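Chemist: Mind looking over this structure? Questions follow.
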Amino acid sequence: MDKKNFDTIDAALEDIRQGKLVIVIDDEDREDEGDFIGAADKVTNEMVNFITREARGLLCVAVTMDRAKELQLDPMVQRNTSQHETNFTVSVDAIAEGVTTGISVYDRAMTIKMLGDLSSTADDFSRPGHIFPLRAMDGGVLRRVGHTEAAVDLARLAGCSPTGLLCEILNDDGSMARLPQLIKLKAKFGLKLITIKELVAYQMQRNKLVQRAVESRLPTIYGEFRLIAYESFTDQHNHMAFVKGDVTTDEPVLVRVHSQCATGDTFASLRCDCGNQLASALTMIEKEGRGVLIYLMQEGRGIGLINKLKAYNLQDQGYDTVEANEKLGFKADLRDYGIGAQILKDLGVRKMKLMTNNPKKVVGLEGYGLEIVERVPLEMASNPMNQFYLDTKRDKLGHMIGCSFGPENFHIEKTATKP
């Protein structure tokens, strides 16, 4: 991306503060889309009319988790299978003087404005309606690199109510507007254009999701490591980093981001390959002489120990690991890598050789400005108890198991330059 086409975050915040819209583009490996984003409490009829005419996408309002609870904005569906984990709630219309069907420009502007008004209550809205609220993850773009979180972060940083309106931008023919079309749109209407990647960098300079709590020397059967414990500001979990050698140089560092698996890591369960991957990663780091293993408390791909054991029971009935999660009302993978990225940043890691079979983890970390120069496979020998599990990870979750590890299967070019 040519940096001259983009504006600074501060310039975008000033426009939002003045009641203007900005264009925000996300990662090309995620949705590669541009959205109009503005502050909900600054909305006008003219703004809504402009969005419906020039954007043509779905007009939504991003709210915080706490605000969604206050307004009783329940999830649109019990089982969210959205490809990008978009947290839609039930749609709403404002109950206010002058609001009729909910679809007119005036009606939608009033609904958006009332969603951005912190004095509004649940009784001020009818359900369903014509505006679609989205629940932003706590921690904003530092937890999830999406337009929903960007809208809330930008509104808050601009000094407005932490509620943002957003709408995908489509071309005249109905296709998604990509960067070349968004640059033309920026010039035509004099709008600021920013990237979520730059917003992440901006937030990382000002906010932290974790802080170092304590560091200790830890001799293990794999070798000796520095064990650093981190406290999280967004939940009650403590995360760990196993560090070997100097990881702050420009030389790429061997890195493993490992999510907790008590059954596999501690009790050597044959249902998964987690324990073997953990042991292999620590062994490889010791052999390399330098590296980092981040241990995140995200048991059961984020669903927790109790639900993971419930999923095991379903798997014994014939469900695969993805189907079991979904039957329990969860997505196949609820992990987020924002905290892991912040820990790596705190440790001074700049470039990494990432030990993973999971392409989602690659994209998840790259979204936070970390440069991954190589993917190092961690394929473990299967056993009769986990063969079906490994096949499902390959076939349904896209894990690169039993495939070529050439550069055609792993794109690293885009991390070389920041927009």
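The first residue you see is number 1, and the count goes up from there.
Cβ atoms here come from the backbone N, Cα and C positions, even for glycine.
Quick paste of what Swiss-Prot says about this protein:
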type	residues	note
REGION	1-205	region 'DHBP synthase'
BINDING	Arg30, Glu31, Asp35, Arg144, Val145, Gly146, His147, Thr148, Glu168	D-ribulose 5-phosphate binding site
BINDING	Glu31, His147	Mg(2+) 2 binding site
BINDING	Glu31	Mg(2+) 1 binding site
SITE	His130	site 'Essential for DHBP synthase activity'
SITE	Glu168	site 'Essential for DHBP synthase activity'
REGION	206-419	region 'GTP cyclohydrolase II'
BINDING	Arg256, Val257, His258, Ser259, Gln260, Gln277, Glu299, Gly300, Arg301, Thr321, Thr356, Lys361	GTP binding site
BINDING	Cys261, Cys272, Cys274	Zn(2+) binding site
ACT_SITE	Asp333	active site, proton acceptor
ACT_SITE	Arg335	active site, nucleophile
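Describe each of these features in terms of where it is and what it packs against.
Modeler: Less than 8 angstroms from the CB of Asp35 (D-ribulose 5-phosphate binding site) sit Ile23, Val24, Ile25, Ala55, Gly57, His147, Ala151, Leu166, Cys167, Glu168, Ile169, each of them six or more residues away in the same chain.
Reduced to three states, the DSSP call for His147 (D-ribulose 5-phosphate binding site) is helix.
Around His130 (site 'Essential for DHBP synthase activity'), the same-chain residues at least 6 positions away in sequence with a Cβ under 8 Å from its Cβ are Ser91, Asp93, Thr101, Gly102, Ile103, Asp107, Arg108, Thr111.
Cβ neighbour count for Glu168 (D-ribulose 5-phosphate binding site) (all protein chains, 10 Å cutoff from its Cβ): 18.
Over all protein chains present, the Cβ of Gln260 (GTP binding site) has 22 other Cβ atoms lying within 10 Å.
Taking a C-beta cut-off of under 8 Å and a sequence gap of six or more, Cys272 (Zn(2+) binding site) has these contacts in its own chain: Cys261, Thr263, Gly264, Asn386, Tyr389.
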Chemist: Which is it, of His147, Arg256, His258, Arg301: the one of these binding-site residues whose Cβ has the most other Cβ atoms within 10 Å?
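Modeler: When each Cβ's neighbours within 10 Å are tallied, His147 leads.
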Chemist: What whole-number Å value do you get for the CA-CA distance of Glu299 (GTP binding site) and Cys274 (Zn(2+) binding site)?
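Modeler: Roughly 11 Å, rounded to the nearest whole number.
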Chemist: Check the binding-site residues Val145, Cys261 for other C-beta atoms within 10 angstroms of each C-beta and report the one with the most.
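Modeler: Neighbour-count leader: Val145.
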Chemist: Would you mind reading off the Cα separation of Thr356 (GTP binding site) from Cys274 (Zn(2+) binding site), to the nearest angstrom?
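Modeler: Here the two Cα atoms lie 11 Å apart.
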Chemist: At the level of the C-alpha atoms, what whole-angstrom distance separates His258 (GTP binding site) and Cys274 (Zn(2+) binding site)?
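Modeler: Between the alpha carbons of His258 (GTP binding site) and Cys274 (Zn(2+) binding site) there are 8 Å.
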